[in-house]
Amino acid sequence: MAHGEPAQALLHHLRRSSSTSTSLLTHRPPHVALAAATARVRSGTLTPEDAHNLFDELLLQATPVPARALNAFLAALARAPASAPAACSDGLSLTVALFSRMSRGHGPPVASPTVHTYGILLDCCCRARHPDLALAFFGRFLRAGLKANNLIVSPLLKVLCQAKRTDEAADVLLHRMPHLGCEPNSISYNMVFKGLCDGSRSQHALDLLRMMAKQEVGCSPDVVSYNTVIHGFLKEGKFSTASNLFHEMVQQGVVPDVVTYNSMIDALCKRGRSREARQILDCGILKGLKPNIVTYSTMLHGYAKEGCLVDMNNLYNLMIGQGW
């Protein structure tokens, strides 16, 4: 969904009257019709008119549609490629619009939304970058009495961080999730770390990371946690803090990966300290690190910038010996 016209697109779908498209439901059980419609979404041949026409008929059914069939249809629609030849190029807003029609009908409900249904909707909001709509769906989810889990909350955290609303994301992470009996995992924390670091608030991320490391929450920081915060400090030009955190993660028993080493090597080379970078690289190799092309190209560029041609040649020969 484009940033500029999400409201107009959504209103267009919500205000749509019954379609005159050919019926997708006639003479077939609803779950069979939905399966056929799902296949058409995936092949790019289902139009918005077809989708609305299907829901026109579903709303008239006395028997609720199996949630599994409905969820499969909504999930496929939400992931419909924007380049689809049929007019389902805005699958995100259409998914939300169809759910709205389904849930505001005055007759028997088409289906009872499940945790999976709301997961699809929150993912739509995340990919369309609509934090307020995501919060509205999350509130609706809670009012329905469904139990929150990390799969539901993760897209909410992500869309809040995308919108630079990291304080709200942190509140959800630290207060609302535990209150709801949903213990945050490292993935949830890492999303908030990234949001904080992207907003040049790496120190806040570090404070939260150290709280995790002290076992004050239900999970421990992993290599992605440390990589995110280290990279955040390096972006802010705080090399000393990043370097200290690099050594701290090792002391905490978290093994640095190639991403960690690449960040440190790049920072050192940019500061004209390519020989120190090489020491870190050699230390990593002794501990089992497998450098990638980014590692070596960063080192070679650092040597070249400093005029260390002998070191550059030695590293090149090492690469040849390793089959590069």
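Any Cβ shown, glycine's included, is placed from N, Cα and C.
TrEMBL lists 114-148 (among others) with the feature repeat 'PPR'. Broken down with DSSP, the repeat 'PPR' (114-148) shows 27 helix, 0 strand, 8 coil.
Outside the repeat 'PPR' (149-184), and at least 6 residues removed from its termini, the chain residues within Cβ reach (under 8 Å) are 115, 118-119, 122-123, 125-126, 129-131, 134-135, 138, 141-142, 191-192, 194-196, 198-199, 201, 208, 217-219. What TrEMBL lists as repeat 'PPR' is 149-184 (among others).
Mapped onto DSSP helix, strand and coil, the repeat 'PPR' (185-219) counts 25 helix, 0 strand, 10 coil. Annotation comment: TrEMBL describes 185-219 (among others) as repeat 'PPR'.
Nonlocal intrachain contacts for the repeat 'PPR' (222-256), taken as residues 6+ away from its ends with a CB within less than 8 angstroms of a stretch CB, comprise 186, 189-190, 193-194, 196-198, 200, 202, 205-206, 209, 212-213, 263-264, 266-267, 271, 284, 287, 289. Residues or ranges marked as repeat 'PPR' by TrEMBL: 222-256 (among others).
Annotation source TrEMBL lists repeat 'PPR' at 257-291 (among others). Long-range contacts of the repeat 'PPR' (257-291) within its own chain (CB-CB distance under 8 A, at least 6 residues past either end) are made by residues 223, 226-227, 230-231, 234, 239, 242-243, 246, 249, 298-299, 301-303, 305-306, 308, 311, 315.
As annotated by TrEMBL, repeat 'PPR' applies to 292-324 (among others). Same-chain residues lying 6 or more positions outside the repeat 'PPR' (292-324) and placing a CB less than 8 Å from one of its CB atoms are 258, 261-262, 265-266, 268-270, 272, 274-275, 277-278, 281.
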Next item on the list: Kindly state the mean pLDDT of the repeat 'PPR' (114-148) in the predicted structure.
Entry: 95
